[in-house]
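*Asks:* Per Swiss-Prot, the features are:
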DISULFID  C174-C194  disulfide bond
DOMAIN    28-659  domain 'Vitellogenin'
SIGNAL    1-18  signal peptide
Amino acid sequence: MILLAVLFLCFFSSYSASVKGHTTGLSLNNERLYKLTYSTEVFLDGGKGKLKDSVGYRISSDVDVVLLWRNPDGDDDQLIQVTITAVNVENVNQQRGEKSIFKGKTTPKIIGKDNLEALQRPVLLHLVRGKVKEFYSYENEPVGIENLKRGLASLFQMQLSSGTTNEVDISGDCKVTYQAQQDKVVKTKALDTCKIERSGFTTVNQVLGVSSKATSVTTYKIEDSFVTAVHAEETRDFSLNFLQAIAGKIVSKQKLELKTTEAGPRMVPGKQVAGVIKALDSKYTAIPIVGQVLQSACQGCPSLAEHWQSIRKHLEPENLSNAKAVSSFLAFIQHLRTARREEILQILKAEKKEVLPQLVDAVTSAQTPDSLEAILDFLDFKSDSSIVLQERFLYACGFASHPDEELLRALLSKFKGSFASNDIRETVMIIIGALVRKLCQNEGCKLKAVVEAKKLILGGLEKPEKKEDTTMYLLALKNALLPEGIPLLLKYAEAGEGPVSHLATTVLQRYDVSFITDEVKKTLNRIYHQNRKIHEKTVRTTAAAVILKSNPSYMDVKNILLSIGELPKEMNKYMLTFVRDILNFEMPSSKMIRRVLKEMVAHNYDRFSKSGSSSAYTGYIERSPHAASTYSLDMLYSGSGILRRSNLNVFQYLGKAGLHGSQVVIEAQGLESLIAATPDEGEENLDSYAGMSAILFDVQLRPVTFFNGYSDLMSKMLSASGDPVSVVKGLILLIDHSQDIQLQSGLKANMEIQGGLAIDISGSMEFSLWYRESKTRVKNRVAVVIDSAVTVDSSFVKAGLESRAETEAGLEFISTVQFSQYPFLVCMQMDRAEAPFRQFETKYERLSTGRGYVSRRRKESLVSGYELPLHQENSEMCNMVFPPQPESDNSGGWF
């Protein structure tokens, strides 16, 4: 009895998990003609758009299906013929009316006579247990037409029982899940698992990346082992991570309904399907059911030279602060990606020097084999006449959105050659480090060129050929962030000379917290507490910063807090404000600091009431539920009131992902003799020096020097013009996402998102002995444009959505120090300039014959300028440096 019950349960389970009457796939009746109607339609709109506002089109037809052959040895081995007839193309938006691009057009005019004939030629499907074993069509049919037939054919592939499996259809080799109910089957395709060859790339950094979501659900209604209705819907949503105004949605629907059945032809006799097909028509050939690449030809497009001439004026130096310059830059990159080496080289050789740097930016950013060959042929690294162009090329390589091994190999080859400028040689190595990191982030750490570059960087630090090369290799490691380089960094940080020691600690500062182990913190503690040797305060404060931001232990925090009060005055004040900043901004280590501060020995008035002008402050530029922009400003002075280091950082966060947008560090040393002041401990023998270093979008750039040595300082003070020194200037391709999508309906979708900016970061340091005042300025000016283009193409009609967001913005930091008294007066100001924000949206439908419909929208707003807040002490100091002017008395009179 128990055995019978178990057998019954097993039978009932298998029955309820499959459609009544069959256990595998669809089955056609002998000598019956199934007449169906079929439509595929596509909607395209912004991320939150409504279907009634969409652009798109519908292709509808009748479909005849007939069973041609069934294997005598098994019902689940069938050959069926599918024929499309009565094709029609129309709008999905019925409100288009007189504006419809199809109005007054016949189907042959819309599709093309040859295309229509090909579309209506029948295809054969060899179905085995419900799955397409072979797809037969005629050779040399247009790819777009074949894909439409593949999209229809894929609907006949299904199984009548529940379960998860892998299937090959027009979307590729995909994981699918079936849920079978009474007379109904629901198929869910996991589109993110589909394996299909398609071109595309994206930006590695998640903050600058694109999020997408894809779903596919097909519902079958079954009667007598054949479909009475099929409804399939595929959606593709995307948005730019940090600016969700750049978004879009594609909805693709397919509908197949059985209308009637009638008497059909007799089946073709035969034991093998190959013989049956040959008897039917020897011109039939087996082709993949996986969608093939549809190449979209550009009709009437200008040549590369014509395009360059049309945008050239927008890329002249005086126009680079405008958004139009960036949009022209992005459009030209797209054209360069289809250009040949000879075309590119011809334009480079013909251009004048004023616009050449911008042209070099564009050619390098194109990142194609032809563009790389052209720019390498054009630049001569042995010549000092094109140093600006060489530098622009190298920085564009560093900012490359999707670098490949070939680019790294090219730079390694250049590094082994000779250079007219040592600065360029150093820049090559620094950028090699940036490329190593990007390739490793994209699972390319084991590439031959990457392995070679890593050996070169680490070998240069282990045994540098020249002592001055140490800085170069440290800067390369600051970009590469190789975990195996940490022991070398610790060696240089603890035992190196002042500037080298400081640079090594700043490199450690860029590593992820997970790499700052207890062993690393032991060394950093020795540096901060000067257990083995005296260190400059720039080195000590950086070491403390790394410790306090890397999950410090109770004793790490306690020892640092106990040191406050015993340090040189300005370092004392800096460490005090740094700890307060961690607490105020609720950084991860704030909980541990609060725990230690409960001890009276660590938390007392004498320790935390020291005066000084140095400071550290962090604040928000913008904040939203899913993202945040922060800025931080650190100022460290010598005891005599002269700036030692200013450090301005901007970070962009998206969830747990972060992007180091920019860092501008101005450093000075050895200037005490100018005002007859006493240097701080450990800094008695420093040479006079001032310079600036920058990180831009996670890439460390080569530092620039204002002056080096006392004689250089005096000559520049006497001849100073007050003009700022440029750290980086140029056009950068920041966001770069390209994706070809095979829709299951047979249509081709393409998504392109590019974001670029024109940037100018400059800095200056003014020093007046007469007024006993110094002033430091850092200016950031940017124009930003983000372009998005999404298209759905059938080869004879195309729908598209184009979006653009643009702005021009500026951020200026000014630090004024008056050292005529002690404590000296320091005023820091951070001003964000007024910025316009413009958004554009264009939707269109266009026939291959040229007729089109276009809809445009525009929105513009103005973001007010404001001064970014710093700490209260700074506000009070600024009122003393720049006292409010008394109101003038306009009452008239002689006196």
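Cβ coordinates are placed from backbone N, Cα and C, and glycine is handled just like the others.
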*Asks:* Relative to the Cβ position of C194 (disulfide bond), how many further Cβ atoms are located within 10 Å?
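*Replies:* There are 24 such Cβ atoms around C194 (disulfide bond).
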*Asks:* Check each residue in the chain of C174 (disulfide bond) that is at least six apart in sequence and keep those whose C-beta is under 8 Å from its C-beta; list them in sequence order.
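*Replies:* Non-local contacts for C174 (disulfide bond): N166, E167, V168, K189, A190, L191, T193, C194, K195.
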*Asks:* Restricting attention to the domain 'Vitellogenin' (28-659), give the mean pLDDT.
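*Replies:* Across the residues of the domain 'Vitellogenin' (28-659) the model's pLDDT averages 93 on the 0 to 100 scale.
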*Asks:* Could you tell me which three-state DSSP class C174 (disulfide bond) falls into?
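*Replies:* The three-state answer is strand.
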